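Participant: Handing you a structure now.
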Amino acid sequence: MKNTIAIVGRPNVGKSTLFNRLVGQRKAIMDNESGVTRDRHYGYGDWTGKYYSVIDTGGYVHGSDDVFEEEIRKQVKLAIDEADVILFMVDVDAGLHGLDEEFANVMRRYQGKKPIYLVANKADTNARAHAAGEFYSLGIGDGDIFTISSQNGSGTGDLLDAIVSHFDDPWEEEPDAGLPKIAVLGRPNVGKSSLFNLLLGEERTIVTDIAGTTRDAIQTRYNAFGNDFILVDTAGLRRKNKVHEDIEFYSVLRSIRAMEESDVCIVMLDATRGIEAQDVNIIGLADRNRKGIVIVVNKWDLIEDKQTNTVKEFEDLIKEKIAPISYPPIIFTSVLTKQRVHKAIETAVQVYHNKTKKVPTSQLNEVMLREIEAHQPPSVKGKMVRIKYVTQLPTHNPVFAFFCNLPQYVKDSYSRYLENRLREHFDFTGVPIGIIFRKK
Ligand code: GDP
Ligand code: GDP
């Protein structure tokens, strides 16, 4: 991860406040309820057109002043290992604190390895800014102290100028742009958390932890099984509620929120229960929202006495229930024994590529006009429908416009014929596609 800033310092100096200011809207959320303990927050921001990532290492050193040297060393080590620029934050309002000195003792060992800036926070007024002088005694940084107010923003521009001067190979665009956003949906107990934990445990590189635009949606970037992707989760609603009867309700709400933020939904089923009404609803909703869909039948290890046709029977049953939706691939997994989890992720990433691809117009016309020639739209009231031209619209989801003389006369059955031919020639596995007719 390049262009990374880490903020270290004792509790309450304002690290989270600065973090939030630096990452703008893309605020991080703690996710401790899920059983997935994340001890740091990540986020992106940009300054003068250069993107950077920020780590708030504060999670190691919690609320009170009851801090152990071990925790301080961990926090500093993490920052030094992962960041390109380290901000050591102190609080001018509170003045020099014993813990600041303990931090400084650890930090000094790394002086010269990476740029470390001493940042005196809560300098909301000029008078307070002058009080920063006492921190020179810490002997950190190259003699400069950046006096800032994380709360009102003063001084942060100068600080950012200094920081980005170390980034000579800037990211020109949001580093997450173009990565598939995947949501894992499903009823309680199908194995969603187990999947998350498997991804975390194995081959882990959480790169970011950023909040989506929808409240409560957390996006975590992974590189697992050779794929870069973002998992969308909704931590806020994940808290195992004391009100047990509400758990079903919350699980649906969570699903919808996560779905809104995603490109592709993995709809997870429990093999021992088969597909249930709520699963069908979720799939229908994902289809209406034009999301890519992958159906994952988990706990496949619990199905005993599997025959050669067991998979086929399962697939047929699912297809029957979700008809007329026919495009989602179905993968049989066991998160417990790690069977085909790799395949499930890879398929979701492939579905994303199918969803975002654009078929060149010339190729589209060459193939589809031949199919139309072979099977003309049925005439209505003696009138012939003639399709002249087809093009994929520049939309976020695949939509194909067929230009013809009498768009109002084209039947749904013919529309399905065209959809099937499109799917046959160009891989749109897992993706809903739109067909529209326009007057030429
Ligand atoms: P952290 O524990 O280091 O992450 O500190 P927080 O960001 O949680 O901030 C601790 C407290 O200091 C909060 O009440 C903040 O509102 C307050 N605070 C943070 N930055 C400033 C600032 O620049 N000026 C003032 N006056 N208060 C601040
Ligand atoms: P969630 O509610 O969808 O997040 O489901 P969990 O991940 O909490 O899993 C519910 C239960 O199913 C746990 O006891 C898991 O250990 C178990 N489980 C998850 N995946 C599998 C699997 O592939 N096979 C088996 N046998 N059990 C599983």
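Using the three backbone atoms N, Cα and C, a Cβ is placed for every residue, glycine included.
TrEMBL: automatically predicted annotations, no manual curation.
Straight out of TrEMBL:
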- 3-171: domain 'EngA-type G' (DOMAIN)
- 9-16, 56-60, 121-124: GTP 1 binding site (BINDING)
- 180-356: domain 'EngA-type G' (DOMAIN)
- 186-193, 233-237, 298-301: GTP 2 binding site (BINDING)
Participant: Look up K15 (GTP 1 binding site) in the DSSP assignment and reduce it to helix, strand or coil.
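Facilitator: In the DSSP reduction, K15 (GTP 1 binding site) maps to helix.
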Participant: Going by C-alpha positions, which of the binding-site residues (G186, N189, K192, W300) is nearest A123 (GTP 1 binding site)?
Facilitator: K192
Participant: Are any of the binding-site residues K15, A123, G186, K192, W300 near ligand 1, with a Cβ under 6 Å from it, and if so which?
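Facilitator: By the Cβ criterion, which requires under 6 Å to ligand 1, the hits are K15.
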Participant: What is the interatomic distance between the Cα atoms of T57 (GTP 1 binding site) and K192 (GTP 2 binding site), given in whole Å?
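Facilitator: That comes out at 27 Å between the alpha carbons.
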Participant: Do you know which of the binding-site residues G9, N12, A123, N189, K192, W300 end up with C-beta under 6 Å from ligand 2?
Facilitator: N189, K192
Participant: Please name which of the binding-site residues listed here, G9, N12, K15, is nearest in space to W300 (GTP 2 binding site), Cα against Cα.
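Facilitator: So, of the listed binding-site residues, the one sitting closest to W300 (GTP 2 binding site) is K15.
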Participant: Can you tell me how far the Cα of N189 (GTP 2 binding site) sits from the Cα of K15 (GTP 1 binding site), in Å?
Facilitator: 37
Participant: For the domain 'EngA-type G' (180-356), would you mind checking the mean pLDDT of the predicted model?
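Facilitator: Taking every residue of the domain 'EngA-type G' (180-356) together, the mean pLDDT is 81.
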Participant: Given G186 (GTP 2 binding site) and K15 (GTP 1 binding site), what distance in Å do their CA atoms have, once rounded to a whole number?
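Facilitator: Rounded to the nearest whole number, the Cα-Cα distance is 36 Å.
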Participant: Closest of the binding-site residues to K192 (GTP 2 binding site), Cα to Cα, picking from G9, N12, K15?
Facilitator: K15
